[in-house]
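> Sharing a structure below in structure tokens format, with a few things to ask.
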Ligand SMILES: Cc1cc2nc3c(=O)[nH]c(=O)nc-3n(C[C@H](O)[C@H](O)[C@H](O)COP(=O)(O)OP(=O)(O)OC[C@H]3O[C@@H](n4cnc5c(N)ncnc54)[C@H](O)[C@@H]3O)c2cc1C
């Protein structure tokens, strides 16, 4: 849906960039990848190639907060698959979502913009001090209590439009301005980082990348030469995959798949931290829950079925009128349902500060408390209220929750001790990696 006079995002196809040479290749134009590519390409003498699995999908609609946060929309840039059966959860599988679009998670997430707790940053600082770096005092350090409810900041601009890292760092304007030194190649996946022969160069050095179309029916293989570095930014789940396909990872696993080992690095794909969520959903008599209002106002009305009750319900809530009003409210004033973030509030707390029953805050500490160990100054629980269903089983979602008005509360473990793994399902880049979240695996 392009306004006739505006210029399109300058996406490159794999053919456009085939056999070219770049200073840096950024694998994954997601949240981090857009920032990295933007910063590197600020210098016009440095050439950068971004290889992104998804499209740019640079549409006006994709900036409407509530619409772009709907990860169930097939055209919204989110993809999902089930993890491996979890040994410590009775073999249960859970559905999880990834972004597959330029801007990555920042195009589809809930836009929550939260600082971590100071003690979390302090532990980074201590690690940095141990490595010999000096401490730089942070003038922005907040003095908020450690336990409490807070209103969240969102990644929206003054016009209540989503601001992804694509918008902030690699927008159409920036990409067009830097077209001489920056190529953004979309709908392409990295298949391998090619290393120089260590016999010739001492250490293996990344000197080429090979990539394919994301569409697995197209079999052509393309290459780009690398003068300086390959920077892998394809996310927590998808970064281990290209590394392992290139021979960097746990030796035994690579050998199982007959992948020649460049470097035996057992940590690749082995320390997956998953903040598991326990969801409590309550049906509500209110007509203002988000899923209900959205579905009826902006689509999927065909799912309503044909019962009289549903037809009456639909007429009573006048979805077309309601939808039109909300749309014009947003278009003209940037207010209303469409301007809302999907999550506006949260409660951070430390389980050690609760009473025995776990239902009341008992002790408060000031963050200046020096007697407590650093971990005691970091919240380990977050409870997020949502005006939607948060069911991780899509079949159940459509069968039950999609049809009722529902509020949910998501309790999240912020400091899980369990660790999971990302392993290759095969040596083919198009095959999704196998994810074991390892939930409850820590005794
Ligand atoms: C549903 C959801 C809601 C969330 N809500 C919030 C929130 O409100 N606030 C918050 O701070 N965080 C939130 N998060 C988390 C946050 O979005 C992520 O932590 C963040 O986006 C991760 O950034 P990244 O750059 O590491 O990876 P991503 O942003 O996921 O980027 C990885 C990119 O790499 C691409 N890619 C993968 N493999 C390849 C390959 N082989 N070749 C080429 N490209 C490849 C992908 O297409 C993707 O664009 C949410 C996440 C999800 C899924």
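Keep in mind that glycine also has a Cβ here, set from the backbone N, Cα and C atoms.
TrEMBL labels come from automatic prediction, so no person has curated them.
So TrEMBL lists these for the protein:
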BINDING   101, 109, 110, 111, 112  FAD binding site
DOMAIN    123-272  domain 'Glucose-methanol-choline oxidoreductase N-terminal'
> Please identify which of 101, 111, 112 has the densest Cβ environment, defined as other Cβ atoms within 10 Å, among these binding-site residues.
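Of the binding-site residues 101, 111, 112, the most buried by Cβ count within 10 Å is 101.
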> Just to confirm my parser: what is the rounded mean pLDDT across the domain 'Glucose-methanol-choline oxidoreductase N-terminal' (123-272)?
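For the domain 'Glucose-methanol-choline oxidoreductase N-terminal' (123-272), the model's average pLDDT rounds to 86.
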> Measure the Cβ-based neighbour count of residue 109 (FAD binding site), defined as the other Cβ atoms within 10 Å of its Cβ.
20
> For residue 110 (FAD binding site), list the number of other Cβ atoms lying within 10 Å of its Cβ atom.
18
> Count up the helix, strand and coil residues in the domain 'Glucose-methanol-choline oxidoreductase N-terminal' (123-272) according to DSSP, in that order.
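Tallying H, G and I as helix, E and B as strand, the rest coil: 39 helix, 44 strand, 67 coil.
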